[in-house]
């Protein structure tokens, strides 16, 4: 089938709704469980409470678990709260440990404690291990449900072991090899295992050059490695090289999406764009913090300009170029900021070093500044017939572009050195600081020109 | 081994360099081929021409192919040009067809034609098929190197077929099932195939609910589907449901990265941020187009303000609030734009519809506008002691925020309806348009206030 379009889902949904309405449990199960768990989740999200309560009695914990893995994890807390605790704990024990850990992070601590106590001990132990790791590190996105084989096994023994373990493992396409002390010693792909001769030893067919990450590695770095090496999974080890877990490519795709949204939000000055299904109040709440900060920064600019009131009074035409200059400053800074943040995220700047980057940005500012400066001098002269006014605006634009380019590039680098996420130096912040500096340059130069009697 | 850090790569590189310098071909091959192709590529990129020429004589076409798949495709044209055409064509025939097609797109047409003529016919035919499809669609990112099995095979026959075909296939972890007419009829994972009984028929163990995409589907949509359903691969069909190719998750991760960079670049008003290793001239070249456009838009604003010269002359203090108002307009518009573009990309707005979105943005603008409006009225009054000035600025801010929010949200929606990539409505463009509108509102209102003799 083609991936379900919205209207197709609604058609199926009517059928399912009828079955529910008429309490036809078998018919409901037949229709609902036919669908991919992702589509089941999409439908489940839209239901009313009483319908959900009905579904809890129609599906087993395993079936609920498969579907719930595709729900928005920030919402599942509400669902668990409406269920019998035992039912919720059973579902959690069937959800893959890494997803279960992520869900529990959204819940009240007491609830988490009681679920972990009620549920199957082995599942609880897997989950507790994952809850321990810091947000956005390899440890927090890995799963402990993977298959290992020993270097001393034969290919035949390994395949038998695999068939047995396969149902409970997140993936069996890369199988990691350990020694007796559980150190990671090698890896073999299922593809290579199938092609190999049955009586060979694993140690002979495996690759001992395993790429791994340490448990504290940043998730963005893990994503970069998996993308660069085209891996389907990557092992996670502790400081002594014991194999603790694996991270699979589907989880990394979610991380990539999260990180991209994050960077994008920050450039725009909106907090947390992840949840679009909101009303006007929620949307306003996400944007107001930055807007209020910018309001105050704007007042600072106004106060600063107030000190140049005499200059503005004398040459009223000066005011009309302020939006132009401030606007160019803002946009230039944003461009430089975007390139710097993106470069830091993709790891490009580790290679060349900060000094080289700053030199290049200075050069870029010089080129763009000179080009735009000459351009605007010509335009202003043609418009107002005043060559000194043209020169004033031209020099201001040039100085502004150089300063704004450097500011937009250097601020995120400084933040990176201070171990702060450089994307926090958001677009609006850099823009407004650059506005301020550019106006200072412009009006300061204008005052100087006036005192030299170059303007009328 | 841990993923190679830069310094580790340089250490290995010294060893390899020595081997090359002393013409020790076996030693070079031993060290170089030990590394992951991605690391080989990283080293290869840094070499001088004469060293590369040496390496072309030390490695086979297959070995070159494995490494070159990890190079920057925009650069490989230069490398192919320095090789003997036969060598280049051999390499291309060993590179997976989808990557080969992408590489050839960067080359001169005549070169492409001669490579396709010289190389192995089957490889050439696969590549030609892929070159046919439009950029950024499923057809252009799929590969034709996949394994199929027939619904009538037994599990045992399928496994034997797999072992034979595995080396040439991009992935064997999802195996797609076709009928005699090559229609896509089902899918089975390798995991399920291994667990199944040998004498069952494929038609009995496969899943007939296959999620697929049409060959013309947009790549961003394909990425979304693979991410939502957690697939490792997805089949691509034509309008009659014949299986044409598959798209694997590693290619999709590259697509996701490309799309994220794309959106980010457009928000910032920088063309094509994909290639960071550039000098100041290249960087300036990417930013100048937008800067020059904005320069002209800024002049429009200046001209517009020129018409209000009388008003500005009368109440000089008006000018100091222009950066504040224009700045708020710009940032608000960028926030709304970012949310709208992201929402369109993730498919959220298909569900709720445009009207609901516009209503919500209007509400958001109203709330943020009223809040900021009241705030600024109070601040201005405290600063200048003039309540009408405060009201003027407050109302201007409020009107500005409402208009800017709506503009930032509606422009990308209109572009989406017109089938233009909404991210083209870049940050700087929306910002400057909003600047213009906000100044118009502000000065227009100021003139009205003056005529009503509310300002001194």
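Placement of Cβ uses the backbone N, Cα and C atoms for every residue, glycine included.
TrEMBL annotations: computationally assigned, not manually curated.
Positions annotated as domain 'CBS' by TrEMBL: A:142-204, A:206-264. Taken from TrEMBL, the feature transmembrane segment covers A:288-305, A:317-341, A:362-383, A:389-415, A:436-455.
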Intrachain residues whose Cβ lies under 8 Å of the transmembrane segment (A:288-305), provided they are six or more past its termini:
269-271, 312, 426, 428-429, 432-433, 435-436, 439-440, 443
Near the transmembrane segment (A:436-455), which same-chain residues lie under 8 Å Cβ to Cβ, leaving out any that are not at least 6 residues past its ends?
297, 300-301, 304-305, 308, 311-312, 314-315, 318, 321-322, 325-326, 328-329, 386, 388-389, 392-393, 395-396, 399-400, 403-404, 407
Can you give me the average pLDDT across the domain 'CBS' (A:142-204), rounded to a whole number?
87
Going by DSSP, how much of the domain 'CBS' (A:142-204) is helix, how much is strand and how much is coil, in residues?
23 helix, 18 strand, 22 coil
Secondary structure composition of the domain 'CBS' (A:206-264) [DSSP: H/G/I, E/B, coil]:
27 helix, 17 strand, 15 coil
